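**Student:** TrEMBL lists these features:
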DOMAIN    B:5-39  domain 'Exosome complex component N-terminal'
DOMAIN    B:75-104  domain 'Exosome complex component CSL4 C-terminal'
DOMAIN    B:109-148  domain 'Exosome complex component CSL4 C-terminal'
REGION    B:1-22  region 'Disordered'
Amino acid sequence: MEYVSLEGLRLDGRRPKETRRMRCELTALPGSDGSAVFELGNTKVLAAVHGPHECRRPSERLEDRLLVKCEVSMAAFSTGERRRRTKGDRRTNELSTFVRRCIETCVSAELLARSQLDVSIQVLQADGGVRAAAVNAAVLAIVDAGIPMQDTMACCSAGYLDDTPLLDLNYMEEGGGGPEVHVAYMPQMDRVVAIVTENKASVDVFERAHELALDGCRVASKLMRERMIEHAKHLWAMRQVTLRVKDDETGDEAKPISMET
Amino acid sequence: MTAPVLPGEPLRHADEVRSGPGTYVRGKSVVAAVMGHARTTPAADDADDKRPLVEVIKGPVVTGDATGRGGGTLLPEVGDEVFARVLRINPRQVWCEIVAVNGKAVNDASGFQGIVRQQDVRATEIDKVDMYESFLPADVIRAKVLSLGDQRSYYLTTARNELGVVQAKSPFTGEPMVPVSWQEMMCPSTQVKVSRKVAKVD
């Protein structure tokens, strides 16, 4: 199959160093402490954060740091053919471990000792780049939950097909069997958190794909930061309204609870 | 004065300012740790450290009023008045789930577990307390936090006039019962009296 045409266009019409359209939304699920949706082209991932709360199992409690639990599930309708997916198969387990370890690196875990943070990730549509979208959604949800962290984080993938480094592979390109590099990156600290490579890659190919993926991370991070700033402004405006309402109340806020007898 | 900031964003040089809530020190910078708005407040006149304080305020929840103890998660502390729902009973103690602390609802889905031991049910004749005559599952009780208890639960006490069962359902009709004395509640439709350790509510 030809992944890059003579004109230099990919299967979905992108140039090799182009990402798909990204979109994100914070506080997508009001029932949770923090939540976010991240879309990468047709890939769509929902992340929800619960906590920090007391550890559900005291035996798992860590005395010096936060316990992070991460669960990934794929919706039955997330791929082309409908399929009931069991929880905890090899693929989703590996994905949840990856997301969990990225989160553990970026949150200030020592500030939240003896508590637990649950991150649930639901893949609504899978069209390649699920790993990157899952990390990005999780990071946004954690920021939304107000968990202290060292820096924000962004994740992006890059591959190498038809002797061309390609940014942000879609489902078809992921099936092409070429090397694929996922990079998670903290933009302000300029620090790479995690790298995962699938399929064999020579050092030369790896380095080119890695550089490209890093550029993708910067693009994703810029977009995410813009969206977060917008959300922070919105929350600030809401806060000002709340404060004004409180001022208007004439101090009879704490009414004793009475029982009619 | 305030500007939106994101985690990881350097705010000021660490020599110029003190790092407040929502920030941390990385190298020589004070850096934001949460999403919100940065605020600088000058140090108090009598403070030893004259540098202004930089903090990041999260919105929109106005923290600091939940328990009057600064923001964060609502955690019961010794001496707090709590409302709890009775879950389980045995002759020595009752297990309950704390649903509100100092009049504020606990938002943690599972709540906190509390235990009222036999000797903490009432102030007098504490050896003769019959747990089954004092509480039943599904009662809502008002209690005070006695101690942080063991690893799992807070120890609560109802050994005061204003503490005890505030809401109980009739075993016959399921409607809320009416207190008639400090030891009895009455079902409004069948007029049958049931024993409880009743709270005196004004």
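Glycine residues also receive a Cβ, built from the backbone N, Cα and C atoms like all the rest.
Describe the structural context of each listed feature in the structure shown, including burial, neighbouring residues and relevant distances.
**Tutor:** Taken residue by residue, the domain 'Exosome complex component N-terminal' (B:5-39) breaks down under DSSP into 0 helix, 19 strand, 16 coil.
Mean predicted confidence for the domain 'Exosome complex component CSL4 C-terminal' (B:75-104): the pLDDT average there is 90.
Outside the domain 'Exosome complex component CSL4 C-terminal' (B:109-148) by six or more residues, the chain places 75-99, 154-160, 162-169, 171, 195-197, 199, 201 with a CB less than 8 A from a CB of the stretch.
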**Student:** Residues of the same chain, at least six outside the domain 'Exosome complex component N-terminal' (B:5-39), with any C-beta under 8 angstroms of its C-beta?
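**Tutor:** Residues 49, 51-59, 71.
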